[in-house]
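Engineer: To start, I am sharing the structure in question, which I have written as structure tokens.
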Amino acid sequence: MTTLVLLRHGESNWNRENLFTGWVDVDLSEKGLKEATRGGELLAEAGVLPDVVHTSLLTRAIRTAWLALDAAGRTWVPVRRSWRLNERHYGGLQGLNKAETLEKFGEEQFQLWRRSYDTPPPEIGPEQVSGVDERYADLAPDLIPRTECLADVVARMLPYWYDAIVPDLRAGRTVLVAAHGNSLRALVKHLDHISDTDIAGLNIPTGIPLRYELDDDLGVLSSGYLDPDAAASAAAAVAAQGKK
């Protein structure tokens, strides 16, 4: 048996302002800093001590990993970063207010863009592509998205799962993945075999560790949040985003 922990980054400044964030590199809010620290405290209290961390190239996830490791007394463990764990690219919606977008385009279109499995938002223009960011300098231009649906996130995340995370799990390491709402939804979809339709109803709260116990074939034996009551309340708040 091996342990995998998924941790969505703490609240970001754009989460607080109800904006679509995607690949924009926004840092944690004051609340988010506390959430990330509390996530690490929950790990320590549960005796779930990471041996290795995988995170994205975005500051809010990296800082969450740092704060959680510090609170858990595990600052020395290796931290591996990959663009494949980045948040879903929200295309032309990035930077827009969710409530205003809902009002402008209507409930049906808003939910299609936000929660459907295979409907991406409008693309950004070539002048906005994240390739101008030096963190993606070694990434082939055709891999840098202009928009993504969740299916696209699954497609780019799974190679990293198999090539980087699975070997750590098979070596018996306790693995922490500190990432984003949609990159973690993509991973949960894979782990729990959630259908393309049902995944629309999955919401992952910020800063609360989700623990999986996996068998030798990496099948799920059990899973659950380390603070179930807080997770249920926070997930409901995520589902309600878009409302003023």
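Cβ atoms are placed via backbone N, Cα and C, with glycine included.
Annotations per Swiss-Prot:
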type: BINDING; residues: 8-15, 21-22, Arg60, 87-90, Lys98, 114-115, 181-182; note: substrate binding site
type: ACT_SITE; residues: His9; note: active site, tele-phosphohistidine intermediate
type: ACT_SITE; residues: Glu87; note: active site, proton donor/acceptor
type: SITE; residues: His180; note: site 'Transition state stabilizer'
Engineer: Would you mind reading off the Cα separation of Lys98 (substrate binding site) from Glu87 (active site, proton donor/acceptor), to the nearest angstrom?
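Structural biologist: Cα to Cα, Lys98 (substrate binding site) and Glu87 (active site, proton donor/acceptor) are separated by 16 Å.
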Engineer: When a 10 Å sphere is centred on the Cβ of Glu87 (active site, proton donor/acceptor), how many other Cβ atoms does it contain?
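Structural biologist: Taking every protein chain into account, the count is 27.
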Engineer: Secondary structure at Arg8 (substrate binding site) (DSSP, helix/strand/coil)?
Structural biologist: strand
Engineer: How far is it from Trp14 (substrate binding site) to Glu87 (active site, proton donor/acceptor), counting Cα to Cα, in Å?
Structural biologist: 13
Engineer: What's the most sparsely packed of the binding-site residues Arg8, Arg88, Gly181, counting other C-beta atoms within 10 A?
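Structural biologist: Relative to the other binding-site residues in Arg8, Arg88, Gly181, Gly181 has the fewest Cβ atoms within 10 Å.
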Engineer: With Cβ-Cβ distance below 8 Å and at least 6 positions apart along the chain, what are the contacts of His180 (site 'Transition state stabilizer')? List them in sequence order.
Structural biologist: Arg8, His9, Ser56, Leu58, Arg60, Ala61, Leu85, Asn86, Glu87, Arg88
Engineer: Can you give me the same-chain residues 6 or more apart in sequence from Glu11 (substrate binding site) with a CB-CB distance under 8 Å?
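Structural biologist: Looking at Cβ-Cβ distances below 8 Å from Glu11 (substrate binding site), excluding near sequence neighbours, one finds Leu28, Ser29, Lys31, Gly32, Glu35, Thr206, Gly207.
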Engineer: Across all protein chains in the structure, which of the recorded positions His9, Lys98 has the highest Cβ count within 10 Å?
Structural biologist: His9
Engineer: So how many other Cβ atoms are close to Gly22 (substrate binding site), meaning within 10 Å of its Cβ?
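Structural biologist: Here the count is 25.
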Engineer: Quick one: give me the count of other CB atoms within 10 A of the CB of Trp14 (substrate binding site).
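Structural biologist: Cβ-Cβ neighbours of Trp14 (substrate binding site) within 10 Å number 20.
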